[in-house]
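Quick look at what TrEMBL lists:
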type	residues	note
ACT_SITE	278	active site, nucleophile
BINDING	107, 134, 157, 205	S-adenosyl-L-methionine binding site
REGION	328-356	region 'Disordered'
């Protein structure tokens, strides 16, 4: 069930009381033509009669059916059917109208998520080039594009079904943003260096298990290695391109919102990393990896209680990259060694007996 408080016809203070619920029925069948489809129709009619617009208490926004025959712990199958109510569920996040279909990820606690989003936006410098990994339907990326006058925002998401929600949400953005916004359907962990290049700000919102090792490795390389190292394609990348040509296709924007021509951005790498975590243990592990080489620094962190009554918290962490720290560290070590050698020579000279 997904709750929406979006209702522009009434004052904001009253919208929560007038909220509606989008219901998704996960059905153990291949499709709506299966043997037990009659039971699905009866359940849909019962819900709509008792919670629809003609009932005494109108609480249901829409009803969807998801067909899932897998015996794994994956909740949703790949087949969806809209069987009642409004087709689109809208919510307001970060000052932007967002369409969330049931097959696109959305935070359960919309009030806390809005608080997190408003805090996050302040850490994105105006005029940035942004990449949003694990972007879902692009909620964070679209909110940033609308409020920070970014030059470009790229959203990267593995769930291809989120594309439709992104398109609907992007259609409501002001036409004069002056920002190139693109949505790409691919696995961010497959070639993370490609997505990091050209961005001054990187945003990651990984699943509960945390960042993929390849993403951690790419962020560490960006922070410490010479920029020239990224310009040449590695043999590993070439193999991936040959074996998985869909990665190449994903490099072309699946959705291109603005016609603004992007400036050449090669040689630009993230100076700011914004990490949204829903798993405390995985965040501690990833944080330790990111700051271990002293190139990424944890500048600030904020905790949000998305699930009151539990010990589960969301962490918004801000990391900054000091591009000159490696050189500074090397220079400091060199100076220290030089001073130590000079002192040793002075001591030896002083201790040596003079000839008569």
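Our numbering is plain: 1 for the first residue shown, then up by one each step along the chain.
Just so you know, glycine gets a Cβ as well, placed from its N, Cα and C.
Distance between Cα atoms for residue 205 (S-adenosyl-L-methionine binding site) and residue 278 (active site, nucleophile): 8 Å, as a whole number.
Note: residue 157 (S-adenosyl-L-methionine binding site) has non-local neighbours 134, 135, 136, 137, 138, 183, 184, 185, i.e. same-chain residues 6+ apart with C-beta under 8 A of its own C-beta. The CA atom of residue 107 (S-adenosyl-L-methionine binding site) is located 11 Å away from the CA atom of residue 278 (active site, nucleophile). Between the two most distant C-alpha atoms of the annotated S-adenosyl-L-methionine binders (107, 134, 157, 205) there are 16 Å.
All protein chains considered, the CB of residue 205 (S-adenosyl-L-methionine binding site) has 20 other CB atoms within 10 Å.
A Cβ within 8 Å of the Cβ centre of 107, 134, 157, 205, the residues given for S-adenosyl-L-methionine, is found for these other residues of the same chain: 105, 132, 135, 136, 139, 140, 206, 276. Sequence-distant neighbours of residue 278 (active site, nucleophile): residues of the same chain at least 6 apart with a C-beta under 8 Å from its C-beta are 207, 208, 306, 312, 314. For residue 107 (S-adenosyl-L-methionine binding site), the count of additional Cβ atoms within 10 Å of its Cβ stands at 22 [all protein chains shown].
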